[in-house]
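Novice: Okay, so TrEMBL annotates it like this:
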- A:56-248: domain 'ABC transmembrane type-1' (DOMAIN)
- A:7-27: transmembrane segment (TRANSMEM)
- A:56-79: transmembrane segment (TRANSMEM)
- A:91-112: transmembrane segment (TRANSMEM)
- A:132-150: transmembrane segment (TRANSMEM)
- A:188-210: transmembrane segment (TRANSMEM)
- A:230-254: transmembrane segment (TRANSMEM)
Amino acid sequence: MKASRIGPWIAVTLGALYFLVPLIGTFEFSLRMRRGTYSFDAYRIVLGDPNFQASFLYSVVLALATIVVGTLLVVPTAYWVQLRLPKLRPLVEFVTLLPLVIPAIVIVFGYLRLYNSQSILPLTDSSRGTDLLLTFGYVTLALPYLYRSVDTGLRAIDVRTLTEAAESLGASWSTILFKVIFPNIRSAILSGAFLTFAIVIGEFTFASLLNRPAFGPYLQLVGANRAYEPAALAIIAFVVTWACMGLIQVFGAARGPTQPK
Amino acid sequence: MAAGTIAISKPARRPSGSALAWIGVAPFFLFATLFLILPTAFLIIGAFQDADGHFTLVNLTDLSQPTILAAYKISLEISAASALGGALIGFALAHAAVSGGLPAWIRPTLMTFSGVASNFAGVPLAFAFLATLGRTGLVTWALMQWFGFSLYATGFNLLNFFGLTLTYLYFQIPLMVLILTPALDGLKREWREAASTLGASRGQYWRWVVLPVLWPSLLGSTLLLFANSFGAVATAYALTGSSLNIVTILLYAQIRGDVLHNQNLGYALALGMIIITGVSNVAYIWLRGRAERWSR
């Protein structure tokens, strides 16, 4: 029953081809803007486009807001469930998984009906209100990943002992949370944060249906109207995603061995 | 896991402990109610109402209109094809990396790349495939130039069922690799050795050891992939505009401009999607519970 290595090599080679060829194809295409020669013209045009800068900046700010709100929501909840309400864990876990069950387009459809100008909470009436709604929507989308990451981080440390030690030294709840728990699960929070960033930065459905000038709708607009710029944008988006995943590995590795599985 | 962590008896808490304990999770449940439960409930209730708010089942029966049925059908087909394809290829890749006896660098490379590719979805993914397999794409051009083979003469089109499935595989395969690798790690070396010692062939080892252990993971992951592509909007929209009638694009158009000329029918359309992704996700969660038995 000696395993032959030809099969695995074929699988990995074909897989690598399927994943690399579109990247090479996109990169090659993005260089073709100037007739007869390769150039970075498409990148220069894209990066110099005020709409690119504005929408990218908008999405970066939105991603940071999502990370802050999401972390402040998820960490205390996961900490509290672990420490005081372990019976509630299955319910909380189920709720955090719901955004995977309910498609994003359905959730935003609900927002548009529930928070429109005729409702008691007319968030979509103003730009700021819609930005807030979009942030909350992104927190919802990020919930499954953020919660799982933080929960894994909390399970790897001894929450009870840390809390009791801090309590016996007279620490308040906010001190325990921000000076004891947060630093101890820093790598888990950062992993969740970078993943959230990668999800939010190019998100299309929420931003487009809520009519906000985010990077996702900008991408779609350029795609519908231009030839070479979309390819350059795809490469840029890939690099951003890669950077986020790379940072997760960097920060995850710092505490890697202490995390189960 | 349950047996090992019996809680150490707590020191006496402040009297208001239990009421206070619930306040700790109140923000989370308030958030979930406002931005997850209520918006969804609003649509579900709306699906059972007519324009005046009276109870009706007409919206659900109206889903049988040819356009809507066709949208559901092609969405289901694309999701099924990309889930099955993604699951099979992802399984082959993960298995090759975990127990294929390949050089050690293959596995971390594959995992990192899968993390990136499974998140490289949405609009940029559509651009990448257009630049590669579109009419002027690199592969289309190379096939013509080097082999005199015209891809588009064969009826290939990136903007139909086959094209969209091929594009979706770009995030489905890596997702499968990510979900399945831990399960494959759970296949203990001793089982293989025991089977081998007892004279089992490779086929018998797979039939009687690997598949019985892995089937909940395999089936569960396939269902997750299915739901994943069923709810996808951005890639399809950027790739095909509104030329391909899949259910997410129909719903997008309905939200934008009430193309069905009936708000409540739109809610029913959303309800149908929730049911489909809900059933496959609940089955996934149940199967994952079964799969975890082996990894204890």
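Placed from the backbone N, Cα and C atoms, the Cβ positions cover glycine too.
TrEMBL labels come from automatic prediction, so no person has curated them.
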Novice: Determine which recorded stretch among A:7-27, A:56-79, A:188-210 has the most C-beta pairs below 8 angstroms with the transmembrane segment (A:230-254).
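Specialist: Result: A:188-210.
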Novice: Count the Cβ pairs between the transmembrane segment (A:188-210) and the transmembrane segment (A:7-27) that lie under 8 angstroms and are 6 or more residues apart in sequence, then report whether there are at least 3.
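Specialist: Contact criterion not met.
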Novice: Short question: most Cβ pairs under 8 Å with the transmembrane segment (A:56-79), which of A:7-27, A:91-112, A:132-150?
Specialist: A:132-150
Novice: Report, as numbers and ranges, which residues of the same chain sit near the transmembrane segment (A:91-112): CB under 8 Å and 6 or more residues beyond its ends.
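Specialist: Sequence-distant neighbours of the transmembrane segment (A:91-112): 77-78, 81, 123-124, 133, 137, 140-141, 143-144, 147-148, 151, 205-206, 209-210.
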